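For reference, TrEMBL has these:
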type     : residues : note
ACT_SITE : H170     : active site
ACT_SITE : E273     : active site
Amino acid sequence: MSALPPSVERIELDELVCWRVQVGDGTLLVAQQGAQILHYQQGTQAPIIWLSEQARYQRGQSVRGGAPVCWPWFGGLTRNPAAVQAMHSNPASAPAHGNVRGLDWQLLGIDQHDGAVTLQFAFDSRKHPLPDWPHAAELQLDIRLDQQLHLELRSRNLGTQPLVLSQALHTYFAVSDIRDVRVHGLDGCRYIETLEDWQERQQQGALGFTGETDRIYLDTPTRLSIVDPGWQRRILLDARGSRSAVLWNPWIDKAKRLSQFAEDAWQRMLCIETANIWDDCVTLAPGASHSLCLSLSSEPL
Ligand SMILES: O=P(O)(O)OC[C@H]1O[C@@H](O)[C@H](O)[C@@H](O)[C@@H]1O
């Protein structure tokens with residue numbers, strides 16, 4: 001039986017315009033707001049990307065789950081290097097993870113080629129100035145679905161002064177049970193333990209989860225993987241243009257304080273946020289650009 005041709009469909013979820021894409025047995029759902037991936041699944045296996053059961057599809061609000069884009073800074077701005085803070089005129093009042101995850105992006109085009117579908121979204125700060133961030137920059141996210149899912153987030157400095165950014169593809173992964181999974185590829189990496197006074201430490205072996213986790217890993221390799229014995233699969237993350245990653249799970253107490261998040265949802269998700277943060281921020285000369293790329297796939301154990 002021959003495979004169905006790729007398809008793209010526009011749908012609306014409550015207040016948000018979304019694009020549903022099918023390529024082979026891969027399905028993808030992307031919200032135009034924030035160019036936020038909401039869902040990615042291969043065939044009948046469990047979704048690779050996690051979306052909260054309590055997700056709300058409202059304008060101006062990032063959806064809990066999927067892959068929000070954090071830009072032009074990651075996390076709390078006042079925790080960023082001075083050069084990133086200096087881009088903003090009031091760092092103490094800046095929202096966590098920057099502004100673009102809750103704003104509408106422009107759909108530049110949908111390309112169907114060689115059995116793959118690519119959606120291109122852009123955000124231009126000249127057309128939509130960000131509050132207290134007076135810089136001319138263009139951000140483009142290309143989302144390509146073939147046998148894998150490929151993301152390329154390109155930042156371009158359109159101004160006349162250097163631009164300094166931190167950023168992340170804040171991907172929520174679906175796991176059978178966080179207590180059983182391991183993340184491989186971090187052995188020997190330095191990390192910042194944000195839960196213990198932002199101390200610098202060093203990872204020994206694979207990373208398992210026994211409590212709230214919120215760490216910035218540095219000098220990360222191009223490949224990280226999530227080994228999930230419950231679902232007998234390995235999720236592979238292949239990154240380019242990034243040497244840092246945030247590993248996050250809120251666990252029991254913080255889960256109760258999160259929006260759009262069921263009390264027990266911490267058991268079923270894990271964020272690995274492919275990033276440029278801490279000593280891996282991006283400095284762009286006038287006219288220069290930078291690409292942060294991530295490819296996702298999975299294989300049976
Ligand atoms: O609730 P938000 O703003 O989407 O942030 C979720 C989490 O995002 C992670 O990147 C941070 O490291 C966590 O500290 C934070 O809680």
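Cβ atoms here come from the backbone N, Cα and C positions, even for glycine.
Curation plays no part in TrEMBL annotations; they are all automatic predictions.
It should be emphasised that the depicted structure is a prediction, and the values quoted were computed from it without experimental measurement.
Here H170 (active site) is positioned 4 angstrom away from E273 (active site), judged by their C-alpha atoms. The Cβ of E273 (active site) has 26 other Cβ atoms within 10 Å, all protein chains considered. Residue environment of H170 (active site) contains 24 other Cβ atoms, counted within 10 Å of its Cβ in all protein chains.
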